[in-house]
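Take a look at the structure set out below.
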Amino acid sequence: MAIIIDGKKVSAEVKEQVRIETEELIKKGIKPGLAVIIVGDDPASRVYVNNKKKACEKVGFLSKEFALPATTTQEELLALVNELNEDKEINGILCQLPLPKGLDEKAVIEAISPLKDVDAFHASNVGKIMIGDYDFLPCTPAGVMEMLHSYNIPVEGKECVVIGRSNIVGKPMAMLLLHENGTVTITHSRTKNLKEVTKRADILVAAIGKPKFVTADMVKEGAVVIDVGMDRDENGKLCGDVDFENVKEKCSAITPVPGGVGPMTIAVLMKNTLKACKIQNNL
Ligand code: NAP
């Protein structure tokens, strides 16, 4: 029976550390601030933004939400980003993706000051991650690494397979595993004989976006399985990219959905905002 990696617990520990450090900063008259922009009325985005707001309140940050209508123009959105870039109360800026059709996500990401880019999506931060000299790590992959550290799961020398090559999860995930000396393979929809590749993995990370895609026959006995997916099953119930019930019988450790990677993403966002605040205050 596998160890169920408890993302809620690790996330609470990370947030508690952020809260303690924030308390110290507040004593010095410095309060970290996060601005969250949400455009349109996508229900999933609304849930994510509310969770981020709640986390900010818990750790003691100033949190400002900018809820814009779906009719917002690119110019209006960029004007808000520029205003927040200059706002001394704000240390981190996050624009909840996806944006409604007609808005250019890439341009918005590039407009956010790299110093306030707490999602680490800006090209300059992505480049810094590539060369291993970074201020911020992308929240979801960094959250996965925090969980591995917390459970003393070493990466060095391990066969690591990442399914998915998106800019926000798959690619940076592979890079972080590589930084810790894993032997990393990235797979995607054009990968041939996927099962043969995933079965080599000591650490398998699924970031596909397809419910229960990773089945037990794709997993090596004793592997560590990290499920980044946030999907809905045939009954509309939240599930991951991994067939949890069957895979857990075969692997040594596994993250559940919900309660695995999801809470970690927000914890790292808090960590990044605190770091941004410290950097901007020369601390
Ligand atoms: P994405 O941009 O849609 O990327 C999905 C990746 O999966 C692509 O690289 C795609 O390959 C690959 N893929 C699709 N079908 C495949 C197949 N049959 N075999 C192998 N690879 C396949 O998705 P994403 O943004 O990375 O998100 C992935 C999942 O993570 C989603 O469920 C999302 O909701 C979840 N997520 C969770 C969090 C969190 O906080 N827990 C954060 C972000 C995302 P191609 O490149 O060839 O198309």
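Placement of Cβ uses the backbone N, Cα and C atoms for every residue, glycine included.
Feature annotations, courtesy of TrEMBL:
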BINDING   G164, R165, S166  NADP(+) binding site
DOMAIN    5-119  domain 'Tetrahydrofolate dehydrogenase/cyclohydrolase catalytic'
DOMAIN    138-280  domain 'Tetrahydrofolate dehydrogenase/cyclohydrolase NAD(P)-binding'
>> I want the residues beyond G164, R165, S166 whose C-beta is within 8 angstroms of the mean position of the NADP(+) site's C-beta atoms, in chain order.
In response: V162, I163, N167, V169, G170, K171, I186, H188, A207, I208
> Non-local Cβ contacts of S166 (NADP(+) binding site) (under 8 Å, 6 or more apart, same chain)?
Replying inline: A207
> According to DSSP, how is the domain 'Tetrahydrofolate dehydrogenase/cyclohydrolase NAD(P)-binding' (138-280) divided among helix, strand and coil residues?
Replying inline: 54 helix, 26 strand, 63 coil
>> Around the C-beta of R165 (NADP(+) binding site), how many further C-beta atoms are within 10 angstroms, looking at every protein chain?
In response: 17
> What count of other C-beta atoms do you get within 10 angstroms of the C-beta of G164 (NADP(+) binding site), across all chains shown?
Replying inline: 23
>> With helix taken as DSSP H, G or I, strand as E or B and everything else coil, how many residues of the domain 'Tetrahydrofolate dehydrogenase/cyclohydrolase catalytic' (5-119) land in each class?
In response: 61 helix, 18 strand, 36 coil
